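S.K.: Structure incoming, see below.
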Amino acid sequence: MSGTGQSDDPRELKAGGSLQGRVKVPGDKSISHRSLLFGAIAEGTTTIDGLLPAEDPLSTAACLRAMGVSISPITDGGIVTVEGVGVDGLQEPAEVLDCGNSGTTMRLMLGLLAGRDGRHFVLDGDASLRRRPMRRVGQPLASMGAEVRGRDGGNLAPLAVQGRQLKGTVIGTPVASAQVKSALLLAALTAESPTTVIEPAQSRDHSERMLKAFGADLTVGGEIGRHISVRPGATLQGKNVVVPGDISSAAFWLVAGALIPGADLTIENVGLNPTRTGILEVLEQMGALIEVLNPRDVAGEPVGDLRVTHGPLKPFNFGEEIMPSLVDEVPILSVAACFCEGESRISGASELRVKETDRLAVMARQLKAMGADIDEHEDGMTIRGGRPLKGAALDSETDHRVAMSLGVAAMLADGNSSLARSEAAAVSYPSFWDELERLRC
């Protein structure tokens with residue numbers, strides 16, 4: 001498994017044992033990105049408690065600093081302060097803005113920068129990000145008058161953005177994508193007239209909740225499709241943001257706790273935004289034993305502690321209708337399916353083919369190496385579970401969610417495994433491997 005550009009030896013993953021205890025997962029990645037972005041274009045100071053100190057939000061912070069925004073050092077457990085420059089105060093940077101591995105950073109930056117009239121920006125990223133499609137953001141922005149250029153007709157980074165005075169419009173997004181929607185809402189803040197974004201189904205709504213909290217003139221409605229309207233001209237005001245734990249990171253513990261004999265885990269302070277809880281719906285459908293403890297509301301976002309204990313699971317079948325609320329959880333659910341007696345089916349998941357990796361192909365390939373019975377389809381997979389997985393030489397193929405999913409699978413295998421490029425987990429959960437050891441019993 002060479003050619004990774006990494007010198008790290010494969011991580012040894014021991015089979016067997018159980019997991020018990022309490023765990024706090026890192027701050028929600030979506031909310032971390034947005035609190036930095038909205039704080040940067042607000043007036044005054046924004047404080048962020050619980051910001052995820054992982055590679056993707058660090059990329060967003062680095063881009064904002066390059067445009068004159070003062071952001072305090074981002075450390076684990078520290079409070080981050082952002083000194084806002086106002087809705088049109090971002091400076092033209094002297095260097096290329098490096099988005100690292102973060103598709104969220106690049107897509108939201110396109111919306112943020114498209115309306116900076118008279119300023120020029122270049123966005124780039126790592127080899128993986130340079131392969132990810134960006135036209136899905138650039139094309140609707142163009143209907144507002146934005147100018148985005150790049151390889152493959154503006155689809156692939158590096159991307160050049162020439163800031164323009166944008167015009168408000170009504171835009172339908174072809175897919176329910178929080179990143180596309182959020183980019184358009186950011187662009188709408190400095191347009192000449194109101195903008196309405198219509199999405200075919202609801203995607204994650206962190207941007208709407210948070211922009212309203214920061215003071216944007218934003219309304220949500222619509223009978224057919226979901227309409228989000230922004231009237232430009234409002235001044236955003238700095239806020240104190242408390243970032244809940246990321247349910248996409250909690251998902252690894254939820255599935256591990258449900259699958260592993262003797263497991264009893266409590267995951268503290270997890271964001272339970274209804275646009276993100278598809279994983280809980282599917283685990284409920286499977287018969288998993290999950291309790292929501294101490295439900296509460298923190299800064300407009302529902303939060304709770306989740307307790308999961310081991311029990312028998314049934315196979316599942318889910319598709320397009322629930323996909324926006326669990327798109328990042330498909331890799332770990334594919335692991336769960338391997339241990340359910342019977343056939344599980346995932347469909348409507350073609351979006352996973354353009355994530356950090358082709359996640360459908362990578363999960364099928366790696367689980368098959370452990371002996372799983374999987375058929376891959378264009379938009380999903382069929383998994384016939386109930387046969388034991390065996391330890392194997394595995395590879396995250398540089399994908400953080402694949403790395404952690406395989407870490408759970410390896411605990412349940414017959415025989416030990418090794419995992420190449422396990423350090424990919426740091427993109428969203430830097431302490432994952434340490435926590436796995438701590439909870440092990």
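Quick reminder: no glycine exception, Cβ is built from N, Cα and C everywhere.
Pulled the feature table from Swiss-Prot, pasting it below:
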ACT_SITE  Asp328  active site, proton acceptor
BINDING   Lys29, Ser30, Arg34, Ser177, Gln179, Asp328, Lys355  3-phosphoshikimate binding site
BINDING   Lys29, Gly103, Arg132, Gln179, Arg359, Arg401  phosphoenolpyruvate binding site
REGION    1-24  region 'Disordered'
S.K.: When you measure from the Cβ of Ser177 (3-phosphoshikimate binding site), which residues in the chain that are at least 6 apart have a Cβ under 8 Å away?
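M.R.: In sequence order, Arg136, Glu199, Ser203, Pro324, Glu351 meet the Cβ cut-off.
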S.K.: Can you give me the Cα-Cα distance between Gln179 (3-phosphoshikimate binding site) and Gly103 (phosphoenolpyruvate binding site) in Å, rounded to a whole number?
M.R.: 9
S.K.: Report, as a single number, how many Cβ atoms besides its own are within 10 Å of the Cβ of Arg359 (phosphoenolpyruvate binding site).
M.R.: 24
S.K.: Below 8 Å Cβ to Cβ and six or more residues apart, same chain only. Which residues does that give for Arg401 (phosphoenolpyruvate binding site)?
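M.R.: Sequence-distant Cβ neighbours: Ser248, Asp328, Pro331, Ile332, Lys355, Glu356, Arg359, Ser428.
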S.K.: What residue among the binding-site residues Ser30, Gln179 has the most other CB atoms lying within 10 A of its CB?
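M.R.: When each Cβ's neighbours within 10 Å are tallied, Ser30 leads.
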S.K.: Within 10 Å of its Cβ, which one of these recorded positions (Arg34, Gly103, Arg132, Asp328, Lys355) has the largest number of other Cβ atoms?
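M.R.: Result of the Cβ crowding comparison: Arg34.
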S.K.: How big is the gap, in Å, between the Cα of Gly103 (phosphoenolpyruvate binding site) and that of Arg34 (3-phosphoshikimate binding site), rounded to a whole number?
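M.R.: Spelling it out, the Cα of Gly103 (phosphoenolpyruvate binding site) and the Cα of Arg34 (3-phosphoshikimate binding site) are 13 Å apart.
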S.K.: Taking only same-chain residues 6+ apart in sequence, whose CB is under 8 Å from that of Lys29 (3-phosphoshikimate binding site), what do you get?
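M.R.: When sequence neighbours closer than 6 are ignored, Lys29 (3-phosphoshikimate binding site) has Leu52, Ala54, Asp56, Pro57, Thr104, Asp246, Ser248, Ser428 within Cβ distance under 8 Å.
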S.K.: Rounded to a whole number, what is the top Cα to Cα distance in Å among the residues the record ties to phosphoenolpyruvate, namely Lys29, Gly103, Arg132, Gln179, Arg359, Arg401?
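M.R.: The two farthest binding residues have Cα atoms 19 Å apart.
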S.K.: In angstrom units, rounded to an integer, how far apart are the Cα atoms of Arg132 (phosphoenolpyruvate binding site) and Ser30 (3-phosphoshikimate binding site)?
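M.R.: Arg132 (phosphoenolpyruvate binding site) and Ser30 (3-phosphoshikimate binding site) have their Cα atoms 18 Å apart.
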